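Annotation comment: TrEMBL describes 104, 128, 130, 229, 231 as Mn(2+) 1 binding site. What TrEMBL lists as Mn(2+) 2 binding site is 126.
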Ligand SMILES: NC(=[NH2+])NCCC[C@H](N)C(=O)O
Ligand SMILES: [Mn+2]
Ligand SMILES: [Mn+2]
């Protein structure tokens, strides 16, 4: 499926503890993303980076969301709203929104925007479940909460900029989970989401797991969002991430997964939006994680070996 892709940069790092993930948007561009997408038969227009508020310049009197222990929620709200508006405008133009992070909190805006006028499924390629609420989060970092936010869990139910009612739990599939906080584990178990862990990939192989994930996300929805957190891969392949976890997918498994997404898209036009997050150039080695992010994204948009 050849697409008119609009790149939307969200150089956000307020959702994570390790600074530097805001430079991920430049690093992924520098790694040749736009050219790789065009080589794969798409057109690509870069809309540039959204302006990120400076926390130092906060108006102390301005109203802010109450936050539990969620850090920088005011900045997250600002960025989420901008991302959602930009995603929605891109879809209205008939183009495909590809959002570059930034930390994973930007997925709140990606999904909220993509689900404004559609029932949206999602595949979450990640080591982490990102389902903490401000009440359960051990860190207070919003990059560990985006799914709770769009599902309107906990205090997110009151935030219209976060809660996306057209995203239903039963249409979300995790692929590659291996690091879940204690309270979060209960949330995942009790949810209607489908969770494929690394153990499932070991047992059944990546192809079978991704095919099942595609079924979950496409059944009864108008399209799917793909969220690619680079810490999904093993840190040996993707060292430039803030929360690395051993035992992730290999380089080939990752390509194979995204090739499957693109094959299914070619057949059934399933893809609606995608984000690529958590590339941290400060922690990277010679930009290799950003290069991997660009390559994997090209695989999702039709790049093939032959
Ligand atoms: N998108 C990410 N890298 N998320 C990591 C989350 C880590 C941990 N579960 C937390 O809530 O803080
Ligand atoms: Mn994540
Ligand atoms: Mn992660």
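Just so you know, glycine gets a Cβ as well, placed from its N, Cα and C.
TrEMBL labels come from automatic prediction, so no person has curated them.
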Pairwise Cα distance for residue 231 (Mn(2+) 1 binding site)/the residue listed as 'Mn(2+) 2 binding site' [Å, integer]: 6
Count of other CB atoms lying within 10 Å of the CB belonging to residue 231 (Mn(2+) 1 binding site): 27
Cβ within 8 Å of the mean position of the Cβ atoms of 104, 128, 130, 229, 231: remaining residues of the chain near Mn(2+) 1: 124, 126, 127, 143, 144, 232, 243, 277, 278
Sequence-distant neighbours of residue 104 (Mn(2+) 1 binding site) in its chain (C-beta under 8 A, six or more apart): 15, 16, 126, 130, 143, 144, 146, 227, 229, 277, 278
Secondary-structure category, per DSSP, in which residue 231 (Mn(2+) 1 binding site) falls: helix
